[in-house]
Amino acid sequence: MAHPFQLGFQDATSPIMEELLHFHDHTLMIVFLISSLVLYIISLLLTTSLTHTSTMDAQEVETIWTILPAIILIMIALPSLRILYMMDEINNPSLTVKTMGHQWYWSYEYTDYEDLSFDSYMIPTSDLKPGELRLLEVDNRVVLPMEMTIRMLISSEDVLHSWAVPSLGLKTDAIPGRLNQTTLLSNRPGLYYGQCSEICGSNHSFMPIVLELVPLKHFEKWSSSMV
C-alpha cells in the first residue's frame, strides 16, 4: 500500500502491474531523451550568435522531424496495445466475483457459490482498533485465492463509481446498466487497499476496498464458513 510522501507507484503484486511499471519506465525514458534534446537545442540557439542560412528551407530536416516522431509514437503505442489486450483477455477464470457500487459502499457476490454475498462498509474512525488504517478499513473484506485468475464483474446500482486497487493495477468504472469486467491475479498473499476513484457524491471518500489474498486452502475454509 502507499505510504506518506510516496512519489512513485505502489509495489507491483500482479503481472499486469509489473507490465504497467515497465511501460511507465519505457515511456519516461523516451520523454526524458526528447526533453533533453529540445533543451539542448534551445540553449544553443540562445547562446550562439551564428545563424544557419538554410534554417528556413531544409528538406532533409523537415523529413527527419516528420519520420522520427512517427517512429517514437509507434515505440510507445505497441507496448501500450500489448498491455491493453492483456488486461482485457480473460481465459478460463477460476473464480468470478460480481461487484456492485452503491452510495456509498460496495457489495460483492461470489457467483460460483450459492448465497455467498455481502456488503462492505467503511469502518468509522471512532470504531477503529489500534493498528487499523483510517478511511481504509472495512467491516467485510473480499477474500480471494492467490495465484489464480479471478474475473471481476463490476457495475453500479445508482451513480458512476470506479473500483480501483493500485497495487494490482486495477481500475474499472462501475457504470449503472452496464457490466464491465477485469482480471485479478495476485502473486503473493496479503491485504490490498483501494478506493472509489470516481467522484460519486458527498461520501465519495468513504468507499474503501480491501482485498485479502490467501492460499487456496484458506480460501476454501473461509468460503465454507460463509455459505
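Cβ coordinates come from backbone N, Cα and C, glycine included.
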Practice item. Look at the Cu cation A1 binding annotation in Swiss-Prot, where Cys196, Cys200, Met207 are given, and name the residue from His102, His161 listed for that site too. Key: His161
Review point. When you tally the Cβ atoms that lie within 10 Å of each candidate's Cβ, which of the binding-site residues (His161, His204) has the highest tally?
Key: His161
Check your understanding: From the Cα of His161 (Cu cation A1 binding site) across to the Cα of His204 (Cu cation A2 binding site), what is the distance in angstrom?
Key -> 9
Study note, to complete from the structure: CA pair His161 (Cu cation A1 binding site) / Glu198 (Cu cation A2 binding site), Å rounded to integer, equals 5
Point to revise | Rounded Cα-Cα span from Met207 (Cu cation A1 binding site) to Glu198 (Cu cation A2 binding site), Å | key: 10
